[in-house]
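Student: Straight from Swiss-Prot, here's the annotation block:
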DISULFID  Cys7-Cys28  disulfide bond
DISULFID  Cys13-Cys33  disulfide bond
DISULFID  Cys17-Cys35  disulfide bond
SITE      Lys27  site 'Basic residue of the functional dyad'
SITE      Tyr36  site 'Aromatic residue of the functional dyad'
Amino acid sequence: VFINAKCRGSPECLPKCKQAIGKAAGKCMNGKCKCYP
């Protein structure tokens with residue numbers, strides 16, 4: 001699931017995903033965070 005968070009690298013998305021979906025799993029795609037439920 002894509003969240004409305006910009007990123008330059010996948011590690012930036014982990015805390016954002018944890019905040020958004022409660023799980024620190026995801027990666028940076030095309031400058032946006034994609035989180036895995």
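Backbone N, Cα and C atoms are what each Cβ position is placed from, and that goes for glycine too.
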Student: What does DSSP assign Cys7 (disulfide bond), in three states?
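Tutor: In the DSSP reduction, Cys7 (disulfide bond) maps to coil.
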Student: Between the Cα atoms of Cys28 (disulfide bond) and Cys13 (disulfide bond), find the distance and write it as a whole number of Å.
Tutor: 7
Student: Can you give me the same-chain residues 6 or more apart in sequence from Cys35 (disulfide bond) with a CB-CB distance under 8 Å?
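Tutor: Listed in sequence order, they are Val1, Phe2, Ile3, Cys13, Lys16, Cys17, Ala20, Ile21, Lys23, Ala25, Gly26.
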Student: Applying a 10 Å Cβ distance cut-off over all chains shown, what neighbour count does Cys7 (disulfide bond) have?
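Tutor: Result for Cys7 (disulfide bond): 20 other Cβ atoms within 10 Å.
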Student: Within 10 Å of the Cβ of Cys33 (disulfide bond), how many other Cβ atoms can you find? Include all protein chains, please.
Tutor: 23
Student: Enumerate same-chain residues with a sequence separation of six or more from Lys27 (site 'Basic residue of the functional dyad') and a Cβ-Cβ distance below 8 A; give 'none' if the list is empty.
Tutor: Ser10, Cys13, Cys33, Lys34
